[in-house]
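For reference, the structure discussed in these notes is given below.
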Amino acid sequence: MRRKTTRDQVTIRGRVEAVFYAGPRFSAGRLATSSGEEIQFAGRLFVREHEPVVLRGHWIIHPKYGRQFDVEAMEYDLELDTDGLAHYLANHPEIKGIGPVKARLIAERFGHDFDQALLERSESVAEAAKLPLAAVERLRDEWQKTREVNKAITWLAAFGLTHHQVTSLVKKLGNNVLGMLKADPYLIVREVRGFGFKRVDKIARKMGTPKEHDTRIRAGLLHCVEESLNDGDCWVEYEELVDRANTLLVMDVLDSRERIEKSLDALIEDGSLSCTSWGGRFLVAKPEIRRMEEDLAATLANGKQANPHFDDGDDLRSLISRVAPQLNQGQRDAVYTVLKNSISVISGGAGSGKTFTVSAVTNIFEEHELRVVLSAPTGKAAKRLEQVVGHSASTIHRLLGFNGKTYVRGPEDPIDADVIIIDEVSMVDIPLAWHLFRTIDLERTAVVLVGDHNQLPPVGPGNMLRDLTQSRAVPMVLLDTVVRQAGVLKENCIAVLSGEIRKTSEPEDSSRRAWYVVDQFTDQTDAQRFLLELFENVLDERLRYDLREDVQVLTPTHKGPLGTKSLNTELQRLIQKKLWDVEAPVPKPGRRPKFLLHDKVIQTRNNYDLGVMNGAMGNVIRIDRDGSMAIEFDGVPVDIESGSPNMQDLQLAYALTIHKAQGSEFPCAIVVVHKAHSFMHHRNLLYTGVTRARKTAVVIGDRWGIQNCARKRRQDERKTFLSLLLIPDQAGTTNDPAVSVELQI
């Protein structure tokens with residue numbers, strides 16, 4: 001353990017002599033101090049050799065490296081003495097053509113007046129250093145650029161921005177970044193990932209930005225619209241938006257609402273936001289989201305056409321019976337709907353046979369030598385679809401050629417397919433759906449959307465599958481029959497949708513039940529203790545599950561004793577000790593656990609450079625001395641550099657949020673449902689959690705919390721333009737209205 005040897009923060013000036021390790025968020029090296037000492041330093045900063053810096057932090061005793069300076073803040077030393085200026089000019093990598101002799105001549109001749117001399121009297125600098133004027137002018141440009149960047153880094157470091165974030169800002173905004181940010185500090189919200197309005201607002205207030213300043217009001221309004229999008233809504237009513245902004249901004253003026261309305265009207269006028277009149281209401285939205293939903297509604301309306309590959313005259317019923325005789329009536333109706341229509345929807349719950357129906361559709365198209373493309377929103381869902389159907393499948397992003405910034409495919413380069421089948425459509429948000437449909441030529445390609453509208457809506461804005469099932473805007477089949485081979489687990493999952501929580505089931509073999517409900521834990525810590533005891537004594541020894549590969553803990557939240565953060569820390573400690581006899585170190589308060597060999601991890605952001613998608617799960621197979629790692633994702637090792645942004649995209653995955661697990665299946669799913677999270681509860685959340693289980697579902701919590709979650713209907717229907725534009729009274733006007741099959745268990 002590191003031991004701090006100074007109580008108060010210490011400030012040290014000096015020049016970086018050597019860098020032992022440098023990453024975007026961490027550096028370690030040796031500093032020559034202004035008093036002539038040499039010290040070792042390390043911390044969350046980025047430095048290069050020869051740079052003059054001011055470091056603030058504490059002296060510590062490192063268990064391996066001994067006494068060193070633990071850096072908590074850094075800024076560039078902009079006040080250089082003669083020696084410092086000479087060394088800086090001679091050694092800075094961005095300043096070319098100045099050796100030690102000429103650098104010394106310049107430093108001794110001009111000293112603290114160097115800035116002014118270089119900017120106003122370039123000829124005198126050239127004469128003193130015996131350099132061509134052109135070389136001095138190049139020096140002036142480089143010096144100015146470097147000094148502006150250093151000033152920006154020094155100034156912004158005081159507000160918590162890292163070197164990596166500041167240099168990214170400079171790259172985007174140019175050398176005048178300091179002036180731009182002083183004029184409008186809320187630029188940081190738009191330009192720096194991870195800096196939201198509330199965090200930047202604290203910075204702006206420290207800078208002296210008035211509460212009622214127009215840039216603050218505009219940023220607050222945009223933040224409120226962004227929050228609505230994060231909640232899944234595609235629009236917010238004008239008056240509600242003004243109310244939200246007024247609550248957020250807390251301006252000490254009597255006319256605060258009038259000021260907010262004025263700024264909102266200006267945002268609408270300049271196109272930053274759109275405002276649509278609908279049924280006497282004014283709906284405010286991001287223009288691109290409204291346009292996407294309008295385009296989707298038009299596309300789906302045009303999709304009520306015949307399937308381009310099968311004629312009405314074909315005996316489709318006989319074809320289905322011959323190719324897939326084992327289908328039940330509801331599944332036959334679903335396949336028939338697909339073969340007749342250009343766009344169709346198949347929705348059904350757990351055990352209703354959706355994937356079996358997709359297999360039948362795939363076989364029929366392939367028998368007619370037609371090209372089938374299967375896809376899903378996540379890598380996990382695509383892999384599962386591929387395994388069950390026996391046909392290659394990809395993520396939607398990969399299908400569209402997304403490279404991390406843009407989609408390569410578009411209307412000019414449509415997907416080469418006769419039918420595209422998209423699984424887990426409940427996870428598809430509006431932007432992804434828009435990009436997908438604009439790459440499909442509906443005159444040649446049929447589209448089949450498959451999903452479960454009772455699952456959680458997408459993380460992003462919109463709820464396309466539910467909008468389609470409620471409006472019946474396209475031909476659709478709802479599979480409500482639970483096939484008999486689905487078993488006790490699927491029956492109990494379906495029962496959740498009617499608000500019923502069934503008791504622990506009878507064993508299906510000698511020792512293992514499919515459904516467990518343990519509901520006596522009113523205290524969260526007792527529930528956590530029981531969950532850990534399952535891992536310690538039951539899941540592997542009695543139920544014969546691999547603790548890392550087969551079992552997944554699911555919970556609604558990140559926080560608290562039953563949140564992912566606490567559970568991941570405890571499960572890492574338990575599993576590392578039980579399986580590999582490794583003692584996991586206790587993480588510092590506010591810090592996440594250190595990754596260890598064999599850990600189960602999840603990728604939290606699409607990374608096209610590494611070829612790893614959001615939601616991909618893997619295991620740590622190597623850890624180097626400097627902290628770099630290798631993670632095995634789907635059998636492919638991927639190297640992660642210590643301190644890089646890629647490392648920040650990884651989290652422990654012994655426990656996941658239910659939302660994060662959507663689209664995945666696990667042999668055993670342990671679902672945490674407790675009254676402490678009741679504000680998040682609704683039956684679709686619980687249903688999504690338990691349907692992640694392939695063999696065994698274990699529900700742990702308190703009786704009231706579990707029953708409340710099952711009985712509580714989701715009240716917050718998402719506000720979407722698609723639901724307004726898909727006119728419900730047109731449902732049933734096609735020759736094949738949606739078929740609904742009654743529940744038969």
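Each Cβ is built from the backbone N, Cα and C atoms, and glycine gets one as well.
Residues annotated as domain 'ATP-dependent RecD2 DNA helicase OB-fold' in TrEMBL: 11-76. Per TrEMBL, the feature domain 'ATP-dependent RecD2 DNA helicase-like helix-hairpin-helix' maps to 146-234. Per TrEMBL, domain 'ATP-dependent RecD2 DNA helicase SH3' is recorded for 567-633. Summarising the annotation, TrEMBL assigns domain 'UvrD-like helicase C-terminal' to 652-700.
Break the domain 'ATP-dependent RecD2 DNA helicase OB-fold' (11-76) down by DSSP state and the numbers are 0 helix, 47 strand, 19 coil.
Assigned with DSSP, the residues of the domain 'ATP-dependent RecD2 DNA helicase-like helix-hairpin-helix' (146-234) fall into helix, strand and coil as follows: 63 helix, 0 strand, 26 coil. Mapped onto DSSP classes, the domain 'UvrD-like helicase C-terminal' (652-700) shows 18 helix, 20 strand, 11 coil. Secondary structure by DSSP for the domain 'ATP-dependent RecD2 DNA helicase SH3' (567-633): 14 helix, 18 strand, 35 coil.
Mean predicted confidence for the domain 'UvrD-like helicase C-terminal' (652-700): the pLDDT average there is 95.
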